[in-house]
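Structure record follows, encoded as structure tokens.
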Amino acid sequence: MIDIGYDAAHLLGALVLMTSFALLYQRRLFSLLNVFTVQALALSGAAAWQAYAHDEPHLYITALLTLTLKAIAIPVALHRIIQRLHIERTVEPALGIGLTMVAGVSLVTLSILLVLPVTENATALTREDLALSLSVVLLGLLMMISRRNAVSQVVGFMSIENGLILAAVGVAGMPLVVEMSIAFSVMVAFIIFGIFLFQIRERFETLDMRKIESFRGESD
Amino acid sequence: MTPALPIVLIAPLVMAALLALVPNWRLASWLNVGACAVTFAASLALFTAKPAATAMLVLDAFNVALIALTAFVGLTTAVFSAGYIGHEVASGTLNPLRLRFYHAMFQAFLFTLLLALSANNLGVLWVAIEGATLTTVLMVSLYRTAASIEAAWKYFILCGVGIALALFGTILIYLAAQPVMGPGLAAMTWTRLLADAARIEPNILNLAFVFLLIGYGTKVGLAPLHAWLPDAHAEGPTPISAVLSGLLLNVALYAVLRFKMLLAANGAALAPGPLLMVMGLSSLLLAALMLYRRRDIKRFFAYSSIEHMGIIAFAFGIGGPLANFAGLLHMAMHSLAKSAIFFAVGHAVQASGTQRIDGIRGLTVSHPALGWGLLAGVVAIAGLPPFGVFMSEFLLITSTFARQPWLGVLLVLGIAVAFGALVLRVQRLCFGAPTGGAPIHGTLLPLYAHLAVVLVAGVWLPAPLVAWFQAVAALLG
Amino acid sequence: MTLLFVALLALFALAVVGVAARRSPWVGTAVYGGTAAACGLIGLWAVEALVGRGGVAAAVLPIGLPWIGVHLRADGVSAFFLLVVALGGVTASLFGWGYERAHARALAHHAADHTHGESGPVLPFFPLFLAGMSLVLLANDAFSFLVSWEFMSLTSWLLVLSTHREPDTPDAARLYLVMAVLGTACLLLAFGLLVGTGGDYRFDAIRQHPPEAGAAALTVLLVVLGAGSKAGLVPLHVWLPLAHPAAPSHVSALMSGVMTKVAVYALVRVLFDLLGEPMWWWGGALMAAGAVTAVMGVLYALMQDDVKRLLACSTIENIGVIVIALGLALVFKASHTPVIAALALSAALLHVVNHSLFKSLLFFVAGAILTATGTRDLNRLGGLIHRMPTTAVLALIGAAAISALPPLNGFVGEWLLFQAILNAPALPEWSLKIGIAVVGAAVALAAALAAACFVRLYGIAFLGRPRSAEAGRAGEVGRAMLAGMAIPAALCVALGVLPTLVIRLFEPAVRAMVQAGPFDDRSYQPWIWLAPTSAIGNSYNGLILLAMIAALSVALVLAIHRWASDRVRRSIAWGCGHDGADPAALSQYSASSFAQPIRRAFGGTVFNARDRVDMPEPGDTRPARLTVRWTDPAWAFLFTPVRRAVNWLADHVDALQFLTIRSYLTLMFAALVVVLALVAVVRS
Amino acid sequence: MIAAVIHQVLHMVLVLALAPLLTGWIRLVKSRLVGRRGASVLQPYRDLARLLRKEVVLADNASWLFRSVPYVMFTAIWLAAGLVPVFTTDLALAPTGDLIALIALLGTARFFLALAGMDTGTSFGGIGSSREMMIAALAEPAMLMVVFSVAVLVRTTSLAEIAVYMMGGTVGLRVSLALALIALVMVAIAENARIPIDNPATHLELTMVHEAMVLEYSGRHLALIEGAAMLKLLLYAAVIACVFAPWGMATPTQGSLWIGLLSFLAKLATAGAALALFETSIAKMRVFRVGEFLGGALLLSLLGAIFLYVSRGV
């Protein structure tokens, strides 16, 4: 028979992974944000499903949080910034897309090689979930490295976070998931609305990290 | 459970909220000091009455001394900062609004540190350290200068990623423990984990430790994850540099060590020693060479912090009772000495109006008390007797060379190279014809208090402290 | 040991006084007086210990390493070296008291045109320095030994820095401290080997389990490096000619005369005591190092024009001689001829005390010259014998003593050393038999060159005509300084005349190290004769020699003045037509020109020294100039390359400070991936 | 004991008396060798007496050191000479000092003379002193190496015992002794300022060594210095005789003083003649070649010391 619970979770997890591949692939900021929104949706779906399937109501909070903050608030805010700074057209990947893709695929294989052998006695779902989330984390890192633009770096960071939350919800009965996700979101929020919006903009009128990095240590 | 521990945690938390509301910065600075005093007193009370571990909090031989140390450095730093910000306000670099924010964040930061130290739960630990990152990022950017924002941005990005990796490691630990001790809090509780460590699946532990090491290691400032550290130290307010070097690095290392204990207790897992040794040695050598080209005094001492974190990591990496003892001692001594140095540096920078090393000369002539204090601090951090750092380096080097001659030689080499740079700089800072003649604000009490402690520790260690350290050293394997 | 503790605590207390009462006019008197008293106590205790009960006393203090404590123990060797420290301490305090007052007066006198400004503090660190040295000698566990050792370096570094306004002090001080720490590092490693992983740092424990051959060999190497860098063994000597002169003269005297001896003590303690049964080649290595050091040291000294630098270099030479004697003792101990070993060790220890005496004396003289003329440059001195008569006499004694002239003490040391060298045939190894002959030649060469060196020093500084106005204006120094010089001078004569007494005094030390005495199985030993057992039927008697010289010369004077003419006429010396015409006395031989023949003989090859003579055209009245350029091989081949390497590395590593955030992330990412991959590999 | 003291006194007087005679003898032989009649062997006595009668002319800035040096160096050398057995080994002062002490006593004399040379502050004094010290710096080690090889052979450095041992004849002919002898002769030539190192009769300052040092001396001081130089020459001859040809010397137990005395005179005569012959047959070398000359001596003596082990396991 078909284990619907497994399939659904599997599907959502896979969707998250796919989206982070898509993130790597995007050239334009807006589409980047849209893909990220999709990822957030998928993640909240996964969380909700987990909450329903294993009957862990507190995961609903996580799902809700992800939905409101990552799928709605942050993308909107970023849209605003992008429009205000007129940088719609600029997403220049530091590495070539193709190279990035190759790297991404190899990272996914690495994470599968790492996770699967060590988790024989965990449930199949957990193993899958872990492998997926590890790949998402690594891909997020790869994205932060391969992009020059602050927005896309933040997006990369948030996709790392998504991967973590995916892992957290995937592991059965993990306590404090909510608290951690909240803490994380607070951090991201602080950063984006604290430093990022006001300070960088008021200082540099740009989000290109190359400009910011001209103020590297000991430029005196 | 005695009220001491709750007070230690609650006092800063409450004060953080309160200070956010106090408009008068002078009053706020003294409230800040008062709160720290309360915290410190309570932390001392912990020595006498040791509460039993709960699901969230624990107090054992490892963290009791560190909590007291943290509270102490917090107190002295608060005293120092009271004088420091006085000058900053006078020179108009900071306005009262930012100071409100600063004081609140200071207390919040202390809270997160103390929480991290006393946490009995991996999740709480992670949340606390994440909070510490957050608060410090905001304080580093306090001056709103381009350089400070760049530093804060770098700090956030690198440590944010680090924190993320640490979280993944935490999840893995839970994953490993959950089959053994069932779902729920138990599988994330130190005391329980340590008790059943032997039954946990070692392979996942290995994987988890890698993420935790890279994650928390970023905050420890181990090469090649150290990049955020110098700029954060250099661009933030000096009190923050003091607590960053003196406390945050220690707490992050503390987290790593807790997990190392877990692996050691498990037995079947890979020995994390070589990893720590490699990172430690590379940090040591890298920082030692970096010291030679530094022109900014705070960045200079930040690199010296990296160097010492490297030494400590190496000590725990090579392990064994002597080396572990040395590592623990070195942690304590370094945090005291380095924060003392940053106090002195803060005064010196304010007196001479520049952070450039070339701009500061002949302190022992222009400001004798400050100059000799700085000199003593550097002598202490350079590992010369009669200060405590010498004892730890003595134990480390002798025990290392007896076991791993080549590593011992490398270690000595790194220390010697760093020493050369330290002497070069400190002689120019403290001797020769003086430059800045401006009087210094605030008291030098914190500086000399730290030096006194380091000096005493170099000559005589109290028996209970030794007992604690030896117990922990045994646990660290 | 109570007396000892009282003295040491007093020294620490005096440091506190020096800080607390720094404004009071009496602080100098108090601190120096107190230090002299404390050192006197230490000296008394040491003598009592040596004469009394072979001098073994021990104590354990509940401080230091928690599970070990501070172990202190004074056996014969410690007591002997304590005596040396105490002697140096007393005289240096006495001299320093007057020296500092004189300089304070000079500073007050022309504060206006004085360029350097007031110097850093000396008082607090002076007693601490002495206390540190004494503690090194007393330490009986690795930790307290190294703590005191490093404390000694630290305090002396601060004392050097007390002249930090002088242009070349900072570099000297820095080089000094770095070299000191490198030496300490070597000792750390050595003790690491000796102690092993057990963590029992007590010397007693080490004595119980001496290391096996391999470790022992490595230990010897490390100790020679570590203690040698402090003692000034070539090529680790480079800091010494810079740092010793930079300090105030009484401190230079302590550093050169006493601190180097503490390093010698470290050698003795480890090689003779802690390492158990020696191998013969240890001594061979020591002798080789010593021979090179002795000859090189005196050649360096001959190249110097700065009085204090010259003295520091001659310290290097004397250390070389001492190390040679130690090596001999070790060789003979290894070949189980303890009586000869005792002879060699006695030579070493006698030279230790001798050198501490005349080197302190000569540094005091340099200080007096500096006080009187304000310069240390030989080429600006001259004729001081007329203006500083007493100093001149004392300086002459010092110069004669260090040139190993009978009947002074320097010669006795050399005599004993040669008697030991002449026993080379008793050794089994051929390499040693022949090697020792060469070493003997080296010692002789060094001694002869030293004589030349000090003829140069004394002749240029005290004799002839003044080469500068300052030298012409100089006046005799104060009583305290004279007294500070007189004591070691008197002792130099006394030890030369009655060496047997002092050798008997430190016989317990020798016995403790080589289990035999220099006068063993000699039934009767009259104390005015020096006739060690293994000096086959040879004897020496300084007393009779002195008496004869005195008697004969007096007789001669009387006779000649009685029978021959005693008329004297003064007139101008024939100076090639220069008579009054060169007030700066440029027609005189200068320090550089005096050294020229020897420079030609040795300098060209060793230092690739080059003279450049700038001879004016006939009719041109400006004086001819002789400039000398030379390079120190130790710098050229060892230290400069190292410095370059560090700078090169620093330059290239520095790039890591200026990367972009993305590259730092990449580093982090790479680290993560590599470690993950490693884990995956290790597991499978 | 009493005998030893008497011998010692006789000995001291004897060397003092014979020293000028030896110099006179050498001068005579030299002038005969170059075909001159030459002055009588007693001329040196007359010179000394003349100098003693003359007044002393002191440089205006000469110090007390300058005036006392002649006495000190004379006594030092005289005492050194008193340590070398010439007609008997039974000397009271013998145990006071051995060969090493003797070398050191000569060093003392040289040290003070060199200082005196620099005291007046003229350039010639400086030239003399610096050259003298350079020569000594090489001569002394060579001498000590000679001592070393002899002592290794004889197992003592006490001249009396060396003489006794050598007379025992158990040593036989040896390479190392030959080398040592050559080295010692070279050292003696250098130390006594003889040709080819230095010319005792020169009047050209630039080539002077010893003479330049004492250029400022006059009257009784000069007499003492000249006398000391003659004593030194005799002393070296005596040392060579005592170490390498001690035959005829009396010992506490056997031999008669008269034979010892006559044999000593004979030895002196031959030594003097040999020296004169050598000096007439060779030219003076440049000052800066002296280093090579004495370096050779040092090497020879070192070789001698090493050959000891090669020739027969000592």
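Every residue, even glycine, has its Cβ placed from backbone N, Cα and C.
Checking the ranges C:78-99, C:628-649 against TrEMBL, the transmembrane segment annotation falls on C:78-99.
With a threshold of 8 Å between CB atoms, the same-chain residues lying at least 6 positions outside the transmembrane segment (C:215-239) that come near it are 153, 172, 175-176, 178-180, 182-187, 189-190, 193-194, 259-260, 262-264, 266-267, 270-271, 275-276, 279, 282, 285-286, 289-290, 292-293, 296-297, 300, 315-316, 319-320, 323, 632-635, 637-639. A contact links the transmembrane segment (C:540-560) to the transmembrane segment (C:480-503), because at least 3 Cβ pairs that are 6 or more residues apart lie under 8 A.
Within the same chain, residues 1, 4-5, 46, 78-79, 135, 138-141, 143-144, 147, 199-204, 508-509, 511-512 sit at least 6 positions outside the transmembrane segment (C:54-72) and bring their C-beta atoms closer than 8 Å to a C-beta of that stretch. Here the transmembrane segment (C:120-139) has long-range neighbours at 4, 7-8, 11-12, 14-16, 18-19, 22, 27-28, 31-32, 34-35, 38-39, 42, 70-74, 78, 81-82, 85, 89, 93, 96, 100, 145, 147-149, 151-152, 154-156, 158-159, 161-164, 248, 251, 254, 258-259, 262, 265-266, meaning same-chain residues at least 6 beyond its ends whose C-beta is under 8 angstroms from one of its own. With a cut-off of 8 Å on Cβ pairs spaced 6 or more residues apart, the transmembrane segment (C:280-303) and the transmembrane segment (C:310-332) reach 3 or more such pairs and are scored as touching.
Packing against the transmembrane segment (C:392-412) from elsewhere in the chain are residues 314, 318, 350, 354-355, 357-359, 361-362, 365, 384-385, 447, 450-451, 454-455, 457-458, 461-462, 482, 485-486, 488-489, 491-497, 499, 530, 540, 542-543, 545-546, 549: each is 6 or more residues past its ends and has a CB under 8 Å from a CB in it.
Residues 87, 90-92, 94-99, 101-102, 250, 346, 350, 353-354, 357-358, 360-361, 364-365, 367-368, 371, 390-391, 394-395, 397-398, 401, 406-412, 518-519, 525, 527-530, 540, 542-543, 546 of the same chain, all 6+ positions outside the transmembrane segment (C:480-503), place their C-beta atoms under 8 angstroms from a C-beta of that stretch.
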